Amino acid sequence: MDRLRFPLICGVVFIHNQLKGDISISGQSLSIPDVPWYEAVINLFSYVIPCIAVPIFFIVSGYLFFKEGTFNEKLYLTKIKKRFWSLLIPYVLWNTLCLLIFIFVRIPALHGLFPNVSLEEVTLPKVLSGYWACEGNGFPFDFPLWYVRELILMVIISPLLYVVVKKMRVCFFIPIVICMFFSLCPKEFGFTLNACFFFSLGLYTRLFSHVIEYVERLNFIKYLYFLLIAADLYTVTLGLPVNHYIHLLVIFSGILTVFNYVFISVKKGKNGCLFKEEVFFIYASHGLFIAFLQKAVLKIMRPITEVEFLAIYFLVPILTITISIGMYGCMKRVTPKVLSILVGGR
């Protein structure tokens with residue numbers, strides 16, 4: 001499972017790096033190219049390919065949470081204590097850090113880079129709500145941490161999920177899939193059916209080992225996945241309504257393709273893992289500065305052509321990941337205890 005983490009977190013960074021539309025820099029609007037081939041490239045690397053990243057993280061989290069294959073009150077309390085330090089504490093600390101940055105950028109000298117941010121926006125109700133879901137967007141201050149927020153909810157209701165999934169098996173997933181296809185997924189209190197579905201899928205995989213054997217035999221699925229990628233890219237670039245259904249098929253086929261590859265690779269003894277320790281730090285930190293970095297690079301390079309914008313599109317996530325890894329390395333040498341708390345002891 002570890003070999004998946006770094007490629008997937010790179011996908012998450014690309015999701016948060018969509019260089020489209022108009023961007024305001026120092027009070028001036030910068031128009032991003034509006035040509036089909038440019039938009040297609042952005043859609044491919046920020047929407048189509050990385051869309052499987054978060055679902056796979058949920059599946060892996062569900063699988064590892066129930067790794068013992070059994071569940072009881074004592075085990076649940078033990079896991080709750082561990083997740084308090086590995087999920088809740090980092091969640092609060094990173095959001096607090098983001099809040100401090102949010103206030104810091106209101107300094108007049110820096111405000112030009114954030115013209116849409118006003119001092120009047122900082123109120124106690126908004127500060128408190130920002131630790132769960134900011135008004136208007138449903139994300140916490142450190143927006144990538146919505147995943148941790150929902151994972152915390154999954155941990156809380158894990159005893160219920162264990163009982164229901166064990167008894168209902170595949171039948172548990174059918175109504176959720178129907179809701180997903182017909183866009184009937186509620187997002188109240190930070191809870192989504194998508195999180196419940198994929199976390200429970202990890203639980204199901206752990207409870208019923210035949211799933212792994214079945215996925216190992218799906219060698220054909222990668223061909224279907226590549227065809228669906230082409231269909232997904234075509235329909236999303238043209239803005240066709242059918243894209244919603246094709247995109248879900250891409251997610252499902254992509255997940256099967258990835259796990260088919262991983263399970264076969266593990267059997268062959270290929271267990272290498274790149275930047276395993278840094279993954280959570282990259283995940284939690286990149287949301288703090290990727291937008292600022294994108295604007296800074298645009299302001300310095302002043303792109304004009306589509307090719308120049310595209311170069312910046314790929315440069316920003318590479319810089320973001322490199323900076324995060326660099327910060328992790330520095331903190332590991334200088335303040336290892338603080339780093340350990342920030343990453344939940346990972």
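Just so it is clear, glycine is given a Cβ too, placed from its N, Cα and C backbone atoms.
Per TrEMBL, the feature domain 'Acyltransferase 3' maps to 2-328.
Annotation comment: TrEMBL describes 45-66 (among others) as transmembrane segment. The list of residues near the transmembrane segment (45-66) in space but at least 6 beyond its ends in sequence, with Cβ under 8 angstroms from a Cβ of it, reads 1, 4, 8-12, 14-15, 17-18, 79, 147, 151, 154-155, 158, 162, 194-195, 198-203, 205-207, 229, 232-233, 236, 247, 250-251, 254-255, 258-259, 313-314.
Look at TrEMBL and you will find 87-109 (among others) tagged as transmembrane segment.
The list of residues near the transmembrane segment (146-165) in space but at least 6 beyond its ends in sequence, with Cβ under 8 angstroms from a Cβ of it, reads 54, 57-58, 61-62, 65-66, 71, 76, 79-80, 83, 87-88, 90-91, 132-133, 138-140, 172, 189-192, 195-196, 199-200, 203-204, 207. Annotation comment: TrEMBL describes 146-165 (among others) as transmembrane segment.
Sequence annotations record features per position, and here TrEMBL assigns transmembrane segment to 170-185 (among others).
Listed by sequence, the residues of this chain that lie at least six past the ends of the transmembrane segment (191-208) yet keep a Cβ under 8 A from its Cβ atoms are 55-56, 58-67, 69, 147, 150-151, 153-154, 161-162, 165-166, 169, 172-173, 176-177, 179-180, 185. Per TrEMBL, the feature transmembrane segment maps to 191-208 (among others).
Feature annotation from TrEMBL assigns transmembrane segment to 220-240 (among others). Under 8 Å from some Cβ of the transmembrane segment (220-240) lie the Cβ atoms of residues 36, 39-40, 43-44, 47-49, 246-247, 249-250, 253-254, 256-257, 260-261, all in the same chain and six or more residues away from its ends.
TrEMBL lists 246-266 (among others) with the feature transmembrane segment. Long-range contacts of the transmembrane segment (246-266) within the same chain: residues 1, 3-4, 48, 51-52, 55-56, 59, 180-181, 212, 215-216, 218-219, 221-222, 224-225, 228-229, 231-232, 235-236, each at least 6 residues beyond the stretch ends and with a Cβ under 8 Å from a Cβ of the stretch.
Counting residues 6+ beyond its ends, the transmembrane segment (278-298) has Cβ neighbours under 8 Å at 5-6, 9, 12-13, 16-17, 19, 23, 25, 30, 90, 94, 97-98, 101, 105, 113, 142-145, 312, 315-317, 319-321, 323-325, 327-328, 339, 342-344, 346 in the same chain. According to TrEMBL, the feature transmembrane segment maps to 278-298 (among others).
Sequence annotations record features per position, and here TrEMBL assigns transmembrane segment to 310-330 (among others).
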Average model confidence [pLDDT] within the domain 'Acyltransferase 3' (2-328): 89
